[in-house]
Amino acid sequence: MAKAKFERNKPHVNIGTIGHVDHGKTTLTAAITKYFGDFQAYDQIDGAPEEKARGITISTAHVEYETENRHYAHVDCPGHADYVKNMITGAAQMDGAILVVNAADGPMPQTREHILLGRQVGIPTMVVFMNKVDQVDDEELLELVEMEIRELLSSYDYPGDDIPVIPGSALAAMEGRDPEIGEEAIKKLMAAVDEFIPTPERAIDQPFLMPVEDVFSISGRGTVVTGRVERGVINVGDNIEIVGIKDTQSTTCTGVEMFRKLLDRGEAGDNIGALLRGIDREAVERGQVLCKPGSVKPHTKFEAEAYILTKDEGGRHTPFFANYRPQFYFRTTDVTGTVQLAEGTEMVMPGDNVSFGVELIAPIAMEQGLRFAIREGGRTVGAGVVSKITE
């Protein structure tokens with residue numbers, strides 16, 4: 001049977017459900033597919049397969065659906081630890097999120113934690129679904145819960161006053177009853193998501209960046225750098241910079257090859273070889289990046305949000321303390337760095353997610369939101385994301 005062709009006639013947005021355990025994330029996901037996609041039953045979504053991202057095993061369910069304006073890929077995770085790991089590793093990129101809050105409970109510890117994580121890992125916006133409203137008889141109580149959610153969002157620098165909060169019942173929508181809080185609430189929610197979560201800039205429209213994977217010298221032609229273009233476009237004749245590890249160098253791309261064919265350009269997603277003018281083979285190494293001049297700077301100090309693997313996940317068996325010195329694997333290479341723990345944090349246990357500062361021994365081309373693995377002698381012991389660059 002021929003595979004269904006992916007129609008790219010609508011903008012594509014990646015989204016996910018977040019929120020406290022048992023507040024109805026998976027039921028809501030199922031309800032959205034009932035009205036906007038190929039219906040997926042609750043247990044189909046909940047029995048999510050495991051996948052590996054940056055050496056970490058995560059269970060995530062992926063569903064897709066579309067509104068009149070957009071195509072959505074939606075991720076839902078069965079357990080809280082899976083959410084933390086997913087958000088930190090960026091295994092399933094989220095351009096926006098639907099925060100699910102049970103109206104009877106109001107915001108709970110994981111509600112807060114997911115909002116904070118969203119802020120740290122750079123989820124730009126959220127829309128709120130206030131679920132299980134049929135379990136609350138008092139209209140004033142609903143208003144209080146809504147206020148509480150808005151204040152919580154504002155306290156983490158989200159626009160709490162402007163974020164749409166949609167009351168409803170995912171279960172009513174699933175069971176096809178009480179349309180006002182069922183089907184209509186789901187439709188209102190998706191209208192809010194359509195309107196409030198911005199369409200992300202496509203990778204190809206962003207400034208050019210390619211991590212260096214390998215470097216060759218071709219006699220009579222010069223130095224060729226290979227890698228996969230992460231974003232943007234490179235044209236023959238473009239000026240580019242080589243950033244990271246050593247001092248930044250400027251050069252011109254004099255040729256682009258793909259599968260040994262000469263091209264006039266390479267774009268996001270392509271595996272290419274770029275021929276660089278006047279650059280010695282020794283001057284470029286794996287771990288640097290080629291990029292549009294001035295678009296990315298090298299840094300050594302940053303703050304990070306990280307998840308530390310448990311022993312069962314193949315991680316450390318013991319906690320680590322201040323001045324822990326693992327390797328930080330950025331894009332294509334390991335760089336040693338020293339960890340500075342926050343005041344009041346004595347140690348970090350396997351299974352924790354934690355914020356800390358890092359100082360690398362060599363500069364790396366980095367931006368806020370860049371993901372990395374934490375490794376010890378080639379073994380992954382954690383994953384993290386740059387939440388703030390300090391130097």
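Note: Cβ is positioned from N, Cα and C throughout, glycine not excepted.
The structure displayed is predicted, hence computed values, not measured ones.
Residues annotated as GTP binding site in Swiss-Prot, with sequence analysis given as evidence: 19-26, 76-80, 131-134. The region 'G1' annotation in Swiss-Prot covers 19-26. Sequence annotations record features per position, and here Swiss-Prot assigns Mg(2+) binding site to T26 based on sequence analysis. Taken from Swiss-Prot, the feature region 'G3' applies to 76-79, supported by similarity to another entry. Annotation comment: Swiss-Prot describes 131-134 as region 'G4', evidence class similarity to another entry.
Around T26 (Mg(2+) binding site), the C-beta neighbours below 8 angstroms that are at least 6 residues distant in the chain are T17, Y42, I45, D46, A61, D76, P78. In terms of DSSP helix, strand and coil, the region 'G3' (76-79) has 0 helix, 1 strand, 3 coil.
Taken through DSSP, the region 'G4' (131-134) splits into 2 helix, 1 strand, 1 coil. In three-state terms derived from DSSP, H80 (GTP binding site) belongs to a helical segment.
Using DSSP to sort the residues of the region 'G1' (19-26) gives these counts of helix, strand and coil: 2 helix, 1 strand, 5 coil. When Cβ-Cβ distances below 8 Å are used as the criterion, the region 'G4' (131-134) is approached by residues 23-24, 27-28, 100-104, 142, 167-172, 178, 181 of the same chain, each at least six residues removed from its ends. Cβ packing within 10 Å was compared across the binding-site residues K25, H80, and the lowest neighbour count falls to H80.
For the region 'G4' (131-134), the model gives a mean pLDDT of 97. All protein chains included, V133 (GTP binding site) registers 24 other Cβ atoms within 10 Å of its own Cβ.
Packing around D22 (GTP binding site) is summarised by its Cβ count: 13 other Cβ atoms lie within 10 angstroms of its Cβ, all protein chains included.
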